[in-house]
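Taken verbatim from TrEMBL:
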TRANSMEM  12-34  transmembrane segment
TRANSMEM  46-67  transmembrane segment
TRANSMEM  73-94  transmembrane segment
TRANSMEM  137-161  transmembrane segment
TRANSMEM  176-195  transmembrane segment
TRANSMEM  215-236  transmembrane segment
TRANSMEM  256-276  transmembrane segment
Amino acid sequence: SLSAGLDLPGRFLFAILTLMTLIANLVFIEEAVYIYRKIPTSKRSIIIWVNAAAPVIATTSCIGMWIPRSTMFTDFTAAVFFAIVIHKFLLMMIKECGGQKLLLRRFENGRFKISTGPCCCCCLCLPRVPITRRTLFWLKLGTFQFAFFRPVLMFLSVVLWSNGNYTLYNLSPKGAAIWISCFIGVLTILALWPVAIMFQQVRTLLICKKIIPKFALYQFILILNHLQAAIINILAMQRIIPCAPPLSSSARGAYMTQQLLIMEMFLITLISRVVYRRTYDDLEPPECMAEEAEDNKQNP
């Protein structure tokens, strides 16, 4: 712990950030109790998982801030948890449409637009894919593979690190870090693609369920937890972030990442409470929508 070596402003900053983490966790617990009481059983666990992303990342960042030697474990814990959240977010969109059977009935003649980010946003010539049980299975598999392989790769990294064969900042081709990082990057892109495809399809239908702000919050967590951390790590490795004894450049970069994440996840937790703390009626069945369309045609 660095608490003994901190000056007064440093201790004040650590205290404020720890308080933010504590408040974020209390807000999440209160929100989880509300969801458990008000939301149908089929959606409870998924919505609680998605809501837990921000407070869990804030908590792991706070532990890493106070105990620098635990940074690798806390970062891996947050990464594994968010890999599961990506899969849960896809399932949440399907559940909000009434489940897989109702979604297939609503879009029985529809097609998925697969020319979307992060894989194929520039490939506008790609054909649209029919919405069937098989395509839904492939979308689910795309996010599930990340939730499965990310923990396996994280475990492998920890084993190699404990044996001295894995150094996060050693990006030489002979090191394990560069290969594991590249493989995780590919798996991440393949997992984000199905979520984007599903969002493009259901965002109009689920606009009454605030799916756009929910998706925006999910994207913010993704960008801040991955892209922001990667940029700061690169700046630290290039010594653009100067060392300040006793902290090296990489240690200062890790502290900056953790402190920024605590503040950002605190704000996202508060915003999530506003977005998710609502009770919504279920969507109308497809038959009712078809009957209303026919009535509107007959009675202009």
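The backbone N, Cα and C atoms fix where each Cβ goes, and this holds for glycine too.
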- Is the transmembrane segment (256-276) packed against any residues at least 6 beyond its ends, judged by a Cβ distance under 8 Å, and which are they? 13, 17, 20-21, 23-24, 27-28, 30-31, 35, 47, 51, 54-55, 57-58, 61-62, 64-65, 71, 210, 213-214, 217, 220-221, 224-225, 228-229, 232-233, 241
- Item | Ranked first among 46-67, 137-161, 215-236 for CB pairs under 8 angstroms with the transmembrane segment (176-195) | 137-161
- Message: Given a Cβ distance threshold of under 8 angstroms, which distant residues of the chain, six or more beyond its ends, lie next to the transmembrane segment (46-67)?
- Response: 1-3, 14, 17-18, 20-21, 24-25, 27-28, 31-32, 35-36, 39, 74-75, 77-78, 81-82, 84-85, 88-89, 91-92, 95, 214, 217-218, 221, 225, 254-255, 257-259, 261-262, 265-266, 268-269, 272, 276
- Query: the transmembrane segment (215-236): which same-chain residues, six or more beyond its ends, come within Cβ distance under 8 Å?
  - Reply: 50, 53-54, 57, 75, 78-79, 82, 85-86, 89, 168-169, 188, 192, 195, 199, 203, 249-250, 252-254, 256-257, 260-261, 264-265, 268, 271-272, 275
